[in-house]
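Some notes on the structure that comes next.
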Amino acid sequence: MGNCWGTPAEQPTSVTPDHLTSGVISQTTSNTTSSGGSNISRNSLFSVSSGDEVFPNGQILQHPNLRIYTFSELKAATKNFKSDMVLGEGGFGKVYKGWLEEKPSTRSGSGSVIAVKKLNSESLQGVEEWQSEINFLGRLSHPNLVKLLGYCYEDTELLLVYEFMQKGSLENHLFGRGSAVQPLPMEIRIKIALGAARGLTFLHTSDKHVIYRDFKASNILLDGSYNAKLSDFGLAKLGPSASQSHVTTRVMGTYGYAAPEYVATGHLYVKSDVYGFGVVLAEMLTGQRALDLNRPSGKHNLVDWVKPYLADRRKLKTLMDSNLEGKYPSKTVFQVAQLALRCLAPEPKCRPSMKEVVETLERLEASSERANEPRARSSHPMAHRRGQAPLHHRSPLHQGQEKGRGSQLSPLGR
Ligand SMILES: Nc1ncnc2c1ncn2[C@@H]1O[C@H](COP(=O)(O)OP(=O)(O)OP(=O)(O)O)[C@@H](O)[C@H]1O
Ligand SMILES: [Mg+2]
């Protein structure tokens, strides 16, 4: 790891830490996005999305291309925000599944499934983030970024409407509870890592040089074919002043995944995202959360705990996610561990670029597919029809993984 050279892209971006207090990292950025058009008022309607143009390499739109929904429309779509429509809950409120009829009057049955994020209306904590999400995600378009379809702003109600991601978050799959959540085979984990890496590469190499800053398993959403899409951009980037209740998750997210230079100095690099990516790779290999206070002392922080194991093939084996039941190509897995180690280098300039990460993962995906071919043909419903077949017969997660989000009760916030 001795030789690594910095490039101009590795200069810290001009992020000024406002304050670094009691475990909450709050920032204001001055150059990661253009904020033109950020003043969203009820009357400033963006152009309604007209079509489904496909840009495989992504694009940045001049203006957010979003639809404006009425509150009653979203209320109807989510059956009055019924509790059994809840997909999950984050620091900013609940996310509901919804169904939108194309033309409500026709009752033709044609429509689309959506995910509706409803910000907690009793607090104002999410306003800036809501707006930032619109400005970022409304303009960034890439197959590995979740699609923001539109928003609603009525009285105190702020909502965001996204494409529905059928398989939920990577976090649910790695650490979720119950038989509904199936452990992911290694080749699907690599596919997900590759999709997420492509999303980050797009952000880093776009002319805006967007730094994602909140790379974590819960922000990697999966469609029905396990294609990964990054979500929640604006939210983590701003989030400074007001919020209290999302502090807990933010703290955990930050301290589990944040790069050491960012935590120590507030300096943010494109390579700070690469560190977060390394943490998620470590989670994918081990099935352990980035930060989990239920683990014995010395093992709370995943990176501190597993780094020595990643470098040693035999040690790595002892640490692999037991849900994989030993079914993985060990050479490929060791190479993933090597990649994770490079991403986790303490010095930002020693970490690979996301483009390099993508290239490495593409090679590993190919070799993992080759290694799995005989087994895939005979027994694995997902492996032989990558991107098509759902999981059918995996056993439920064992208790050891079901520590839930206990680790999210912040030690730092207390
Ligand atoms: N577009 C979507 N499609 C399907 N499920 C979604 C979608 N967006 C979010 N979810 C579900 O809702 C959950 C909560 O998402 P949310 O982004 O609000 O919080 P989080 O990422 O868990 O935490 P944080 O507030 O720290 O970002 C996700 O984990 C996911 O399971
Ligand atoms: Mg999220």
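Cβ from N, Cα, C; glycine included.
Just so you know, TrEMBL annotations are computer predictions that nobody has curated.
Residues or ranges marked as ATP binding site by TrEMBL: K118. For K118 (ATP binding site), the same-chain residues 6+ apart in sequence whose C-beta sits under 8 angstroms from its C-beta are L74, F81, G93, K94, V95, Y96, E157, L158, L159. In the three-state DSSP assignment, the secondary structure recorded for K118 (ATP binding site) is strand.
The compositional bias 'Low complexity' annotation in TrEMBL covers 25-40.
Residues or ranges marked as compositional bias 'Basic and acidic residues' by TrEMBL: 362-376.
Per TrEMBL, the feature compositional bias 'Basic residues' maps to 382-396.
TrEMBL lists 81-364 with the feature domain 'Protein kinase'.
The region 'Disordered' feature in TrEMBL is assigned to 1-40 (among others).
Taken from TrEMBL, the feature region 'Disordered' applies to 362-414 (among others).
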Report task. Could you pull the average pLDDT for the domain 'Protein kinase' (81-364)? Result -> 87
